[in-house]
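Q: First the structure, which I've put down as structure tokens, then a few questions once you've had a look.
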Amino acid sequence: MEETHNNRTSLVRGAKDIAKEAKRQAAKNFSKAVDRASDEYSAQRSYNRFQNEDEEENNYDSYTQQDGLYADNATNEEDGASSDATEGHDDEDEIYEGEYQGVPGYNDGKPRDGQVALGQPVSDSLKSHKELENERQADEEELAQQYELIMQECGHGRFQWQLFFVLGLALMSDGVEVFVVGFVLPSAETDMCVPNSGAGWLGSIVYLGMMFGAFFWGGLSDKVGRRQCLLISMSVNGFFAFLSSFVQGYSMFLFCRMVSGFGIGGAVPIVFSYFAEVLAREKRGEHLSWLCMFWMIGGIYASAMAWAIIPHYGWSFSMGSAYQFHSWRVFVVVCALPCVSAVVALTFMPESPRFYLEMGKHDEAWMVLKHIHDTNMRARGEPERVFTVNRIKIPKQLDELVEMQNESANPVLKVLFKIRAELRGIWLTFMKCFNHPVKENTMKLAAVWFTLSFGYYGLSVWFPDVIKHLQADEYASRVKIHNNERIEDFTFNFTLENQIHRNGVFVNDRFISMRFKAVTFIDSSFLNCYFEDVSSVGSFFRNCTFVDSFFYNTDIDDTKLTNSRVINSSFHHNKTGCQMTFDDDYSAYWVYFVNFLGTLAVLPGNIVSALLMDKIGRLSMLGGSMVLSGISCFFLWFGTSESMMIFMLCLYNGLSISAWNSLDVVTTELYPTDRRGTGFGFCNAMCKLAAVLGNLIFGSLVGITKAIPILLASSVLVGGGLVGLRLPDTRANVLM
């Protein structure tokens, strides 16, 4: 009986302790709510006001239960008794500055095992999806404000500059990829004997790979993280870019460059999203603009390497007649080095803390933010400064319905299911980019990206081709024409270049160790002639007749003999592959130099845009740059010489770069974190689609007319600039 009485007394005492603790906590919460309301607009910076009501410091120890009964302390009086929930704790549970506490714990508002949930709000399962979305939106807004204050406390210093150069290498790789296509195209097509029907596919297929890559990797970065996606995409680019330099067939080369483009397509959307998320608002516009300079550095690097490597055909080697490794392949390998460097450097960088918070990973985000703070403080000579952030707001995590798979399923099926789930997640996130309130911004941004890219890449193709066309016209004007000639018993052991022979007759002639370069024989006859060690570049025999002739170690085959007759003649040990030397492209040096100058002209525009981005605004710079670029196109009417066209190219590039920089910054700031990579990837995919169309349309107009390219580029750029001015100003935005 006495034991039963003691147990009953213990239960009563425990119940009173619970009631007393609940009353104390309720009064404490009410007092905090009043204090928070009074301090809401104070100038003092506070992080506690961003915490959930569910995160208040009401975490007290659970009562220890022994044999189904609460532990009793008979010596305590009933009025003065203290429960185990408050014993040994401050009323406020404060964390003192300078005291190491480890990673701050984060309570998601759900009662843990053994805890009493006092005043628990309505369960999420009883709320509608719309209510949960509204709560998450409110949490996002609070987190954005708090995160801005945290980044201000972390400061701008060594960490941001380290990440700046690492991401700069990745962006540089994107610029290199764009220029590699144009530089290797003539050499690759000549080396692989590509017919005219296949010429030009290389440029288009690389841009198509980049288009799909931008959409895929940008969307995936919102699901698995910025750093991880960038590492994988850059690794894909580096591997297939390196592999493409060794393959011999043109179709396999196209495939490797397409997959390489697919990998590098993720660089632009991920790089800008990643870097923006570790920058405070007042630094974002300027430093994202400085980051854009690496794209220009990539173009300069590619131009310089092409100029230094491709003309040196002495660097090539061969393994028999089947495997050829010319200098342009060395150039492809060298252009993969920035990508490899970026992959190595990225392994030492952490994930974006803003992405961690978006995914509900509080502890991981806190550790990265503390690392950023400590790195910058040590660089400033203030290692003793303490990172004062204890708790960070986390948006409500909405559960997604997923199809459960059998645990004993085939591993291959599990992988396929995982891929399908990720693709479905990317698609759902993409569709959210067309929900209110970002739907209108997505449509406007897509239009601006498309128009700016269409004009830029279209004219970038048109300018060099026009210069080459002018050079070809000048070269053709110096052609030598020979009519009705007859040559007997003569030995040709020198180069014939830029000639046309009509109705010629060659009898008992010997062509030994010589080259035909841009030589055309029309309606000519070769009687009892001997050809040995002959290469013919850009040379053809049309409607010709060969009688009793002998060919040994030559590259004269059916592709060179157009509508020609071969009578009692034999071909022995014909050369395989296409014969090429740097002399074959008489304008190659000049083309590389023109691209180098055009890329270098971007430097002043980059500096101006970086310095003025936060002063005159993103939209003013975006619209103004596009309109001025469109107006500058009209000066192409006066481009009748190579020097004038080069000047126009430099002027256009210098004016348009500010628009590119502004567009990168605006796109990054307009999308919330949960769809920033997806939205940026979609816009960049539209950019690459416009590049493909610009290549096809403007390339087909070379040498035909000036009016259509000029009017088309001008109208598209001016129209896109006017649409850009209708976008919302993002200077005051925090990253939601």
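Each residue, glycine too, has its Cβ placed from N, Cα and C.
As annotated by TrEMBL, region 'Disordered' applies to 1-139. Among the features that TrEMBL reports, compositional bias 'Basic and acidic residues' is placed at 14-24, 126-137. The compositional bias 'Polar residues' annotation in TrEMBL covers 41-50. The domain 'Major facilitator superfamily (MFS) profile' annotation in TrEMBL covers 163-731. Among the features that TrEMBL reports, transmembrane segment is placed at 163-186, 198-217, 229-246, 252-276, 288-310, 330-349, 445-463, 589-612, 619-638, 644-666, 678-701, 707-727.
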Q: Between the transmembrane segment (707-727) and the transmembrane segment (445-463), do 3 or more CB pairs sit under 8 angstroms, pairs being 6 or more residues apart?
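A: Per Cβ check, the transmembrane segment (445-463) touches the transmembrane segment (707-727).
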Q: Could you check if the transmembrane segment (229-246) is in contact with the transmembrane segment (678-701), meaning 3+ Cβ pairs under 8 Å among residue pairs at least 6 apart in sequence?
A: no
Q: With CB pairs under 8 Å as the measure, which of the listed stretches 252-276, 288-310, 330-349, 678-701, 707-727 comes out on top against the transmembrane segment (619-638)?
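A: Answer is 707-727, with the largest number of Cβ pairs below 8 Å.
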Q: Across the domain 'Major facilitator superfamily (MFS) profile' (163-731), what is the average pLDDT of the model, as a whole number?
A: 83
Q: Mark yes when the transmembrane segment (330-349) and the transmembrane segment (163-186) have three or more Cβ pairs under 8 Å (sequence separation 6 or more) and no when they do not.
A: yes
Q: If we call contact 3 or more Cβ pairs under 8 Å (sequence gap 6 or more), are the transmembrane segment (288-310) and the transmembrane segment (644-666) touching?
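A: Yes, the transmembrane segment (288-310) contacts the transmembrane segment (644-666).
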Q: Given the cut-off of 8 Å on Cβ pairs that are 6 or more apart in sequence, determine whether the transmembrane segment (678-701) and the transmembrane segment (644-666) share at least 3 such pairs.
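A: Contact between the transmembrane segment (644-666) and the transmembrane segment (678-701): absent, because fewer than 3 Cβ pairs are under 8 Å.
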